[in-house]
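Colleague: Got a structure for you, questions after.
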């Protein structure tokens, strides 16, 4: 049921107005489409809107739980410098008055940046706030169009027909838990990082943190300031100590949990703990999307998709912005949005459905040949020097290199690809995340590169369209 798009404006729905949805709305409007954004909350910002509220189930497995969509903890700071985080024509620079001036600012500064972006490009005029999308499905009258059913916070329901739907609902709301034998009988308290806000509940406790990626590292050190002991369970064990924290230890993965409150690690170490914090990531989740099986989620692979964006059988009527994780997220949202907008207008053509499917299947086969698990399908970065993918060879980078991906999309839609300075700054920054120690955000030696970056920023004109 692949749609045939001729060159004209389309009526497009965008679901979710976080960093992906905001730039999607802008790029769709720039391409001449009429756009309506659906946002369940009162404000733009998505992931970056902090709240003290958490799910009613601390590990978020109860299907009937009260769901809170924010996963931000109070102490969160960015793990990339602001200079490489922003959209191409709207630099994320220090605000002149209020805000956090640090290069690795806190979440409030990122939210203010997104709010400034929405204001600058008058995006809020196209948003229906406090409106939850309940169902997206082919229109019964015309299966080349899409029916969107929604409900506002005051209980009023409605539906509308669109030529296309762009899904930007993020992937940091539905927690994923690792399988740990015996965990169901372990007597201590458990929480997923989705529901972590402050360290106070762990005062004087022995805490095990499962996972050592960005949130795991942040939460471990946050809790270490107040807990008796913190033990990190990590797949990437380099040493058993961590930075300047005497009460923090690193262990390999967990072998099993026991009813007596102990946890056994794979190196034989046994720890009696009061609490476990699961920093084990999230699942892609689209409860509103009804595609009759044309799009599925299996072990965190959303597929089949052409270039992480278009389901071949439904393209271009359905598209996804922001599925790949890691990498330069805001820039990726922007360039994917340019591609989707230009495809919908007919300015850029997609291959035939069978060709897109062939390429998707070939991509999945390549990942399988390399031994890359399905859950890393949307991992978009250069694996060289990245311990998450430390077993892969440099020549495998072509499979998942974000630079190649950005360059390919830029060529399709005739826009500027990733700037050399942004790529260089990211490559330096991502190594610091893994190898820079617990104070990497406040130590850097890239002054010369930053001078180059700000010279490039100075060339931008206000409200400049960098796609032209």
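Every residue gets a Cβ built from N, Cα and C, even glycine.
Given the structure is predicted, the values throughout are model-derived calculations rather than measurements.
Below are the features I grabbed from Swiss-Prot:
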BINDING   16, 17, 18, 19, 20, 21  FAD binding site
BINDING   211, 212, 213, 214, 215, 216  NADP(+) binding site
Colleague: Could you check what DSSP calls residue 21 (FAD binding site) once collapsed to helix, strand or coil?
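Modeller: Residue 21 (FAD binding site) sits in a helix per DSSP.
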Colleague: Out of 211, 212, 213, 215, 216, the binding-site residues in the record, which is closest to residue 17 (FAD binding site) when you go by Cα distance?
Modeller: 215
Colleague: What residues, ordered by sequence, lie under 8 A Cβ-to-Cβ from residue 215 (NADP(+) binding site) and sit at least six positions away in the same chain?
Modeller: 73, 193, 279
Colleague: For residue 18 (FAD binding site) and residue 214 (NADP(+) binding site), what Cα-Cα distance in Å is obtained after rounding to a whole number?
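Modeller: Each residue's Cα considered, residue 18 (FAD binding site) and residue 214 (NADP(+) binding site) end up 20 Å apart.
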Colleague: Which residues of the same chain, at least 6 positions away in sequence, have a Cβ lying under 8 Å from the Cβ of residue 211 (NADP(+) binding site)?
Modeller: 178, 193, 232, 233, 234, 278, 279, 280, 281
Colleague: With a radius of 8 angstroms around the mean position of the C-beta atoms of 211, 212, 213, 214, 215, 216, what other residues of the same chain does the NADP(+) site pick up?
Modeller: 193, 217, 218, 219, 279
Colleague: Quiz question: given the binding-site residues 21, 216, which has the greatest number of C-beta atoms lying within 10 angstroms of its own C-beta?
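Modeller: Of the binding-site residues 21, 216, the most buried by Cβ count within 10 Å is 21.
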Colleague: Rounded to a whole angstrom, what is the C-alpha distance between residue 216 (NADP(+) binding site) and residue 20 (FAD binding site)?
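Modeller: Taking the Cα atoms only, residue 216 (NADP(+) binding site) lies 24 Å from residue 20 (FAD binding site).
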Colleague: Within 10 Å of the Cβ of residue 213 (NADP(+) binding site), how many other Cβ atoms are there?
Modeller: 19
